[in-house]
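Structure first, commentary second.
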């Protein structure tokens, strides 16, 4: 079982007198920066000019170019999108890294797949909250926290792990629990979860169910409710208490259908394909394809994205959500050219 660390296992002294540069001020960036500051850590922000720069200044931070922030910092936390990190790192961060500095990530993709090769004279570790930035911030303010993973890739100072734990504590994660992992494990399991279950698997399952009902002559609106809209009700139960709590909370008819029909949908053939997906991740095949896609300016990505946004389930969903202000108020609709939004 994984080793779990809490507040009492972390020592803030490893951040005392240090300057932390948060590179990026998006979902995770703003949460890390504000939580660290509220924990007494000296934080600066590294950005390129734009709206995020203005927002960070409005939030009371000193904002610099990425290169200048990296030069001023003892700890550099890179919170940019994976595909943007290598170029920014090479051009603006790497030249300013000094012996004994710490280079930190919230996802191991670029280190694990050698898109970023750090110098030998810096600590390299990972602090990955298991929740979106707004939740990391909100729970911190409420006196709680979001669990996180930590991993050490390179320990030059002899206390990279201690610094990682101190950082995790300062963003509130050690209030909930910090699990130790490796860059390899975090990267491969995160990608697998996204592809096979949370994103790829789930969206494919929802669409297949929706299409099955529509092709059988049922109204698309009813199919949408049954296969997509009600998903939140089930996911909330799973989130609160796992599979057993969800099954306890639904009707016996639904539970019997779960037991008898679920394995017909997710069968051994599906599991075998999951193993193939995992193999593609482990061997670097997926990473290579994604890197090449970005280098080519994402032609396939953009084409698929456009096609998916025009699927009937999205057309119907936009219409139905317009009838539900309690949903619409919380959502950000994807703007699809030619579609009603």
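Any Cβ shown, glycine's included, is placed from N, Cα and C.
Swiss-Prot annotates 25, 26, 27, 28, 48, 52, 82, 83, 84, 85 as NADP(+)-binding residues; of 131, 133, 143, the candidate listed for that same site is 133.
Set side by side, the binding-site residues 82, 194 differ in how many other CB atoms lie within 10 angstroms of their CB, and the most is found at 82. Most other Cβ atoms within 10 A: among the binding-site residues 27, 251, that distinction falls to 27. Closest to residue 190 (Mg(2+) 1 binding site) in space, going by CA atoms and restricting to the recorded positions 25, 27, 82, 107, 226, is 107. A 10 Å radius around the C-alpha of residue 107 (active site) takes in these binding-site residues out of 25, 48, 82, 230, in sequence order: 82. Candidate binding-site residues: 190, 226, 230. Fewest other C-beta atoms within 10 angstroms, 230.
Residue 226 (Mg(2+) 2 binding site) falls within a helical segment according to DSSP. Taken as a whole, the domain 'KARI C-terminal knotted' (182-327) shows an average pLDDT of 97 in this prediction.
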